[in-house]
């Protein structure tokens, strides 16, 4: 073949040659179009290899990465990370570490708010999601627990265990339950499984009011950490010590009566405490006297002497009354014994504390007396001790770093005792008095003034002073904070529980008494309808 003819033929097929001044990479189509290499001509002249620019795009399939672009990945290499990504993550983690520390407090508050909102609306949205899955996707969810179990299975499996195929083909088999079929006359727009889901029992959401349901004025209510001026009787009468007087407020009729007045004696009230039957109230005074008053007759029954300083703590154990004083002693007397009342000789005297006794509580089984003092000690005394004068307690706990006023025995677990420390301690500690071992401890962040257990659930309420003046509800034994109530502008120094165990009353130096619905209601005792119960039917 003629060489000139061959050059013209190649020029027609490949187009004109590109000028050497213009680089191929400068063309905007250089990266999009691929050059085609021609075999050398038989004459030995190599053909020109210019980049073609045309409106026709022919993709090159030789460089396609099918195993990457379409998720055909080996499952073994799913969890591996490249070094570049790890380096970038390390740099980002160092940069974000300071920002996370600065916004940690804001995030914690926002998370608690979000959790509350999610808990309120989470169950309704989950129920709606289950209904949609039943009706649209054909699932057979009958309970919300089944949905939780399915989600847990998905979360428990690693991401590498899932298949990464682009196309998934599966044969869906729907199980038919012959026992439960939808009636042809049913007017419900949803299926049988969805109807059963709606009929499934749901636990109601617990909502604790953030505001008190009643507020009473309490003028001259002292702001003293070592006093106990508020108590609620089993007959639903509240006793409050205000200055030199003791007032009774009936929760049923809201009637207020003045029980006693110590102005003539130049004395003041430092503590009040009801007996178990709710007819007698003990009143401790600043001069160290203990007066027993009959609430129904408004009459002083007896006056007990023996202390040389103010009586800030009182505790009844049947007909026996224990009193703790600033003179560091605890006196125990039986109010039925006329000889001990007349002679002012106590039945027992406990002298284990080195400073003022500011907390007294008897155990539910009436066998142990817990006392807290300003010497940061928590002592447990045994009622079975025969000696009338004791200097050594049966158990001594000295882990607190401040005065121990808040003491509470658990009505649900035998031998479980809770105690709270003052400003320098700020902790609630739990003790097993059977084995004399400490159990748990939680730092509340403020002074612990009072503790009280719920009568119906394993919950604990605590009132606090410096510096937050709040009321906290705890779940035991997880020690999760269920609720936080605020409203008092001074330290919440006084606490009492209603006889039904559902409400509490708190008092503070702001001269107010606030009533809160905190604890859950008592569980209803439903009668058994079993055929095996012999008392449900008359034969």
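In case you wondered, yes, glycine gets a Cβ from its N, Cα and C as well.
Unlike curated entries, TrEMBL annotations are predicted automatically.
Annotated in TrEMBL:
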REGION    1-56  region 'Disordered'
REGION    77-122  region 'Disordered'
COMPBIAS  79-111  compositional bias 'Low complexity'
DOMAIN    216-516  domain 'CDC20/Fizzy WD40'
REPEAT    262-303  repeat 'WD'
REPEAT    304-343  repeat 'WD'
REPEAT    350-391  repeat 'WD'
REPEAT    485-526  repeat 'WD'
Residue counts (helix, strand, coil, in that order) that DSSP gives for the repeat 'WD' (262-303): 0 helix, 22 strand, 20 coil
Tally of residues which DSSP labels helix, strand or coil - the repeat 'WD' (304-343): 6 helix, 19 strand, 15 coil
Taken over the repeat 'WD' (262-303), the model's mean pLDDT: 95
Same-chain residues at least 6 beyond the ends of the repeat 'WD' (262-303) whose Cβ lies under 8 Å from its Cβ atoms: 227-235, 237, 239-246, 248, 309-316, 318-319, 321, 323, 325, 327, 335, 341, 499
Per-state residue totals over the repeat 'WD' (485-526) - DSSP helix, strand, coil: 0 helix, 19 strand, 23 coil
